[in-house]
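Pulled from Swiss-Prot, these are the features on record:
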{"type": "ACT_SITE", "residues": "80", "note": "active site, nucleophile"}
{"type": "BINDING", "residues": "27, 129, 329", "note": "substrate binding site"}
{"type": "DOMAIN", "residues": "155-303", "note": "domain 'TRUD'"}
């Protein structure tokens, strides 16, 4: 299995270094649900601003404040402890009376607004996230500037970030031990983390192998293509390659890579043979995913940061703004810009 640090770069390995997250204020995330609260219903959507505390900790504190069970407070996604993050929590509080959440106090956390909502906020139910990052002590401004320009045109690999695999790769190691021993895993969280790490690692490896090709975005017979921003896909045929290539070049269509699991992967012929060869040696992880009935899926191979802009404060400090769809990793963007340094170089989102 290819180590995350050794995955293929789209724009070549960065020439310089830089400090990511010298302090939490250098990594700002604003969650974009893609919808507004209904204004009525048995749930309450609470928009919070937090710094120095993780999402689960805040959710548990909110449940305690509302005198409800912790499982009655949900969220669309975990946000990093070591960052300034804005996100929504959802508490199930039936009844006409609206609690006064302005009285909710927690160090490092502030309630920005709250309103009634009809439905529970479920994991993954967000449109995306807006990021504002500050990179400090940049050693090669010219290289970073050119890479930012190139990313606007060509995007970045849509890798799952290193944090998906746990500190020191612990989630992936857990998946490998599980695959090798076949011992039942009772802890639901461990099961989820380990299976997710296994599938993500296989996806990253397929993308890394594809990026070694001279023309990364060249459509081949049997590729699974998806409309930009959509989840469904269709299979490319030889007769359509020229037209499909035009649409890929125009960013109307995205080439996808497999999230291996049980069932068909989605590609056919040449593309399927390539994907199978890319992970042929990872039989244990593939067997684990099939055994645990994790369905195969697809994910775009490349990621195009939206609304990308940047501002150099000086020759060694740059502030970068961009928006990413749900499930994408800001660290996969930063990875193409600089070789990161600092305690939190691999901890984000």
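Quick reminder: no glycine exception, Cβ is built from N, Cα and C everywhere.
Recorded features from Swiss-Prot, shown on the structure.
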{"residue": "27", "record": "substrate binding site", "DSSP (3 states)": "strand"}
{"residue": "80", "record": "active site, nucleophile", "DSSP (3 states)": "coil"}
{"residue": "129", "record": "substrate binding site", "DSSP (3 states)": "strand"}
{"residue": "329", "record": "substrate binding site", "DSSP (3 states)": "coil"}
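Counted over every protein chain shown, other Cβ atoms within 10 Å are most numerous around 27 among the binding-site residues 27, 329. Taking every protein chain shown into account, 80, 129 are the recorded positions, and of these the Cβ with the most other Cβ atoms within 10 Å belongs to 129. Model confidence over the domain 'TRUD' (155-303) is summarised by a mean pLDDT of 94. Per the record's binding annotation for substrate, residues 27, 129, 329 show a top Cα-Cα distance of 13 Å.
Counting only the Cα atoms, the space from the residue listed as 'active site, nucleophile' to residue 27 (substrate binding site) is about 9 angstrom.
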